[in-house]
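Here is the structure we will look at, set down as structure tokens.
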């Protein structure tokens with residue numbers, strides 16, 4: 001189970017630590033080039049969900065589970081038509097209290113937030129690359145904004161191949177073998 005430790009401010013000498021347990025990872029975003037996850041805390045309502053930097057978390061299994069679902073959702077969005085019919089939605093069996101309605105609206109809004117190429121922005125450059133659940137992902141910087149998103153490399157290869165090539169060219173290095181260096185020295189000594 002995921003955990004996050006928080007020291008209480010009122011403890012002077014004993015430094016008591018309070019541990020929060022992550023129940024579920026709900027969403028992912030990039031803020032100033034750092035990955036943050038929206039977390040549902042065990043024993044707390046959805047109004048207490050918080051965005052936390054990846055480096056502060058100790059729940060790799062939950063993050064991995066979320067990324068698998070996130071990846072499937074992304075691939076599904078690319079293959080399915082955008083519009084959904086109202087007739088296919090199920091009604092909830094729970095009561096529609098004010099809290100239920102608010103939390104449902106929050107979930108719908110967070111799911112409606114466009115990410116990556118869905119935002120319709122023009123890619124400027126690739127800042128970095130990472131492996132996420134076995135898939136290569138690029139951190140894409142967009143033109144006319146300071147924001148960046150993780151996008152599937154497969155998608156970037158199709159939508160902006162020249163930017164992908166530029167990213168690889170910037171990082172391309174040539175390594176000479178020792179025999180090559182010796183041969184060049186011999187040739188220059190003969191001249």
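The first residue you see is number 1, and the count goes up from there.
Backbone N, Cα and C define each Cβ position, glycine as well.
The annotation region 'Disordered' is assigned in Swiss-Prot to 1-21, 70-117. As annotated by Swiss-Prot, phosphoserine applies to 11, 12, 13, 14, 92, 93, 95, 97. Positions annotated as domain 'Chromo 1' by Swiss-Prot, on the basis of sequence analysis: 20-78. Annotation source Swiss-Prot lists SUMO2 cross-link at 32, 91, 102, 106, 154, 184. The N6-acetyllysine annotation in Swiss-Prot covers 40 and is backed by similarity to another entry. Here Swiss-Prot flags 73-89 as compositional bias 'Basic and acidic residues'. What Swiss-Prot lists as domain 'Chromo 2' is 121-179.
Recorded features from Swiss-Prot, shown on the structure.
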| residue | record | DSSP (3 states) |
| --- | --- | --- |
| 32 | SUMO2 cross-link | coil |
| 40 | N6-acetyllysine | strand |
| 154 | SUMO2 cross-link | helix |
| 184 | SUMO2 cross-link | helix |
Counting only other Cβ atoms and using a 10 Å cut-off, which of the recorded positions 32, 40, 154, 184 scores lowest?
32
Distance from residue 154 (SUMO2 cross-link) back to residue 184 (SUMO2 cross-link), taken between C-alpha atoms, in Å:
41
Alpha-carbon distance [residue 32 (SUMO2 cross-link); residue 154 (SUMO2 cross-link)] in Å:
24
Across the whole of the domain 'Chromo 2' (121-179), what does the mean pLDDT come to? Round it, please.
90
Using DSSP, tally how many residues of the domain 'Chromo 1' (20-78) sit in helix, strand and coil.
25 helix, 25 strand, 9 coil
